[in-house]
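Chemist: This is the feature table in TrEMBL:
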type: TRANSMEM; residues: 12-31; note: transmembrane segment
type: TRANSMEM; residues: 51-72; note: transmembrane segment
type: TRANSMEM; residues: 84-107; note: transmembrane segment
type: TRANSMEM; residues: 135-155; note: transmembrane segment
Amino acid sequence: MNPQKIARVTGVLFLITFITSIPAYFFYVPVLDDPRYIVGAGADNSVQWGAFLELLLIIANIGTAVVLYPVVRRQNEILALGYVTARIVECVFIAVGILSLLTVVTLRQEAAGADTTSLVAVGESLVALHDWTRLLGPGFVVGVGNGLMLGYLMYRSVLVPRPMAML
């Protein structure tokens, strides 16, 4: 793949990560903000839409690492592998967060008649799991993977202006 095509594909994949991750949060608001969401009645498709967007995010995240790997490997193969690994670890955290919220939706639909207090406790626990996956995956791992590793590799390669690589 020629460098210009790699740059375009990488740019599109990074745009997809923003286009999918930011709106996904708004689809999750009902389950994240209401502890009694799990005991509500009826189907709610908003969480599924958020999960779909985050699945697209996972694909784009891994895609950026795969497309950039051959380019940044020339600078430092170990850090390039570290970047790919960091993106995969980030995606695992995102996937666990998705599963926790989808589990809340499933319990809302399937656990009719169960003890309300227990359901609320389980729902709050699953939302807390999602919150922790957000802090550790897109929070911490992105700082290490995108921030430090990719920033350093971009700085060394001079593929982007140096001030931009330091952002």
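Just so it is clear, glycine is given a Cβ too, placed from its N, Cα and C backbone atoms.
Just so you know, TrEMBL annotations never went through curation; they're auto-generated.
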Chemist: Going along the chain, which residues at least six beyond the ends of the transmembrane segment (135-155) come within the CB cut-off of under 8 Å?
Modeler: 21, 68, 72, 75-76, 79-80, 82-83, 85-87, 89-94, 97, 162, 164-167
Chemist: Apart from its near flanks, which chain residues at least 6 from the ends of the transmembrane segment (51-72) lie with a Cβ under 8 angstroms of it?
Modeler: 1, 3, 6, 9-10, 13-14, 16-17, 20-21, 23-24, 27, 79-81, 83-84, 86-88, 90-91, 94-95, 97-98, 101-102, 150, 153-154, 157, 159
